[in-house]
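Enquirer: What TrEMBL lists as compositional bias 'Polar residues' is 1-17. What TrEMBL records for 71-142 is domain 'RNA 2-O ribose methyltransferase substrate binding'. Summarising the annotation, TrEMBL assigns region 'Disordered' to 1-46, 240-284.
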Amino acid sequence: PSLSQHHPYPNTSSSQPHPHPYPNTSSIPILPSPLSPSPSLSQHHPYPIPSSKVVTIAKSKKFRDNNGKVLLEGHRLIKDALEAGAVPQTLFFSTVGHLKLLPEAEIKRASLVKVKFEDIKTWSDLVTPQGLLGIFSKPDPAKMSYPAAQLASSLPLLLICDNIRDPGNLGTILRSAAGAGCEKVLLTKGCVDPWEPKVLRAGMGAHFRVPIITNLDWESVPTNLPAGIQVCVADNNPSAPAGTTSVPRGADRAGSAPTSPKAPVKSSPQDLMLQSPEHEDEEGAAGIPELAAQHYYEDWARAPVAVVIGGETHGLSPAALRLAASTGGKRLVIPVVPGVDSLNSAIAAGIMLFEGKRQLLWRHKQEDDRHKLPVPG
């Protein structure tokens, strides 16, 4: 489309044939069941479904899972998605001016649907709608082109989210991971869908800056980690015994009271990794390994390193603790004033990641300085 001219497909309720794939741009023709395995959002169909219904459907997890598509809103998020290589299917816009802010070559791949701004206000989840929404194919991290500045600042620092169910918390965590320069983020089963609108809003574009691997069971987590990695856990259980880690309890906690001396891991890595999750309830505390504990600001980040952040309600899972123990990992504690409830998962993740970044950069600088020392001759 020529973005410098009046859009050739005006908003009209006419049912007369029109060169645009959507003869009636107040509705979008798709297959009768938009939740069928592979509906075509650009294929003409004699029974068009109103755009309002399409947008509502596109917000649902069922639509995302069944069709492999996601709904994005706002100029910045859609621009970030296009520049990262995400494939647009349909763009809804209220004025042609909104399209001028996007890469022209990329939006030519999408079907363009002009709608009234009042309609977008009705569909929007934003306080101040921008007049632009898009349905995209769900991005594949292996095929994305992340920003050069992000790649240049990437560190051997990974984040594992364990049962993070609050959309706002997960979005904030992803934003912190991108800001800290994480290499990738792993989400285990039980985490909220990262493509949910509330997560996207809180993430502020992080989805298109750092690879996000989703829906992992704990057996497959190690295959997504680099060799030789050490996995540490942010323990959020202030009542854990000295030098040990138990499954944290209590809602929305991710920091703990001051710790005591470190304790060795008592189970062998092989036994810990082979332990069957279905026997966790039978084993109880006996199936949970003991980990050395220390404050988060003490030395722990050695490349490569991963940090596990537990969920808001149940905290760290036994599988997370076993993985940490199998790699010689530690329990990291954020001390809080006695009597004050510990930090939520998003705040704790930000503290842990940026402290990990500080330690990795400091260690890298130390190594560079050693290499620069003159060789005695």
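Numbering starts at 1 and runs along the chain as displayed.
Each residue, glycine too, has its Cβ placed from N, Cα and C.
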Enquirer: For the domain 'RNA 2-O ribose methyltransferase substrate binding' (71-142), what's the model's average pLDDT?
Expert: 93
Enquirer: DSSP helix, strand and coil counts for the domain 'RNA 2-O ribose methyltransferase substrate binding' (71-142)?
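Expert: Per-class counts: 27 helix, 19 strand, 26 coil.
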